[in-house]
Amino acid sequence: MATTKSVLVLIFMILATTSSTFATLGEMVTVLSIDGGGIKGIIPGIILEFLEGQLQKMDNNADARLADYFDVIGGTSTGGLLTAMITTPNENNRPFAAAKDIVPFYFQHGPHIFNSSTGQFFGPKYDGKYLMQVLQEKLGETRVHQALTEVAISSFDIKTNKPVIFTKSNLARSPELDAKMSDICYSTAAAPTYFPPHYFATNTSNGDKYEFNLVDGAVATVADPALLSVSVATRRAEEDPAFASIRSLNYKQLLLLSLGTGTNSEFDKTHTAQETAKWGALQWMLVIQQMTEAASSYMTDYYLSTVFQDLHSQNNYLRVQENALTGTTTKADDASEANMELLVQVGENLLKKPVSKDNPETYEEALKRFAKLLSDRKKFRANKASY
């Protein structure tokens, strides 16, 4: 572990020290990353509503939207759905959903998406038909290239056995990735055992048919897509003319907000070595995915925290995560009204909690600080463009 950490830190330090200096302090690359977690997407929904509200107040603009402030918005599974909601344009070329619309969306559609009566005894728990229907209604024919800012939505192709990352910046090289947002959102949410895999086809630059056979993005990038989102931001900084002064991304000029959907309490549904000593394949299968996702999410946060701290840029990274979910709130598919109300409470209470044991700043205070940085950076860009 120590060797891995040292190598990772060394790589990022080399990147940072050899990268060009930003022309001005206000020129930052801003990234929003949203975890997967099914109905638990209500938790980041609460956080996003608070952040967007702060931006509207600071800029005295009720029409301000998150897509106006972030260069890259990435998500996996339910996080991919939220990414699409806040970046897909409406008829006025503004995001079709404000952050305040996210939680009502879950309350209205969650019980139908996670309706166990639609599943089969042998097969996925849910048939996915309502999910696909509502995605088509909300997102229409909109494709990746129309997103109002750069996006990074992951999925996994079970035929090619490779991850598939949908971004605007990849379209010049891979035009077949310019898929409908409805197809992408279903694919990134199609968790094995919960929803059927998704098949659809697009066209290559030669007009040939290109087929996708996709499942949940968490299979490709784990539940926390922060590292994926950062890599997309790095590529944009290298290729986008708007970032000509920062061809090599300096982490001191990267602003990263990563939103989780909650993890179990340390003592909730854990197991001892004695208890599991005689477990077989079936018993392990029931818990191994949860363990793997929790560990991967923790390590992603650990690596990012280490890098930002060692580069003296710890204030540029904020991970908002509830680590003490219990009972029904731990379930990704409990869309009962009672549980959704509990998830709202989790999100609202999270805002009042300290960021960490070593940092007494509350998440609410940290998000206000982030909002100020986002607002100032947007104003800087606007002023620069006017000259």
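Using N, Cα and C of the backbone, Cβ positions are placed for all residues, glycine too.
Per Swiss-Prot, the range carrying the annotation motif 'GXGXXG' out of 36-41, 234-239, 312-317, 354-359 is 36-41. Of all ranges given (75-79, 125-129, 205-209), Swiss-Prot attaches the label motif 'GXSXG' to 75-79. On the backbone, the CA of N203 (N-linked glycosylation site) and the CA of N115 (N-linked glycosylation site) stand 34 Å apart. Counting only same-chain residues at least 6 apart in sequence, those with a Cβ under 8 Å from the Cβ of N115 (N-linked glycosylation site) are Y126, Y130. Once Cβ contacts within 10 Å are tallied over all protein chains shown, the recorded positions S77, N203 are led by S77. Looking only at the motif 'GXSXG' (75-79), the predicted model's pLDDT averages out at 95. When secondary structure is read from DSSP and collapsed to three states, N203 (N-linked glycosylation site) falls in the strand class.
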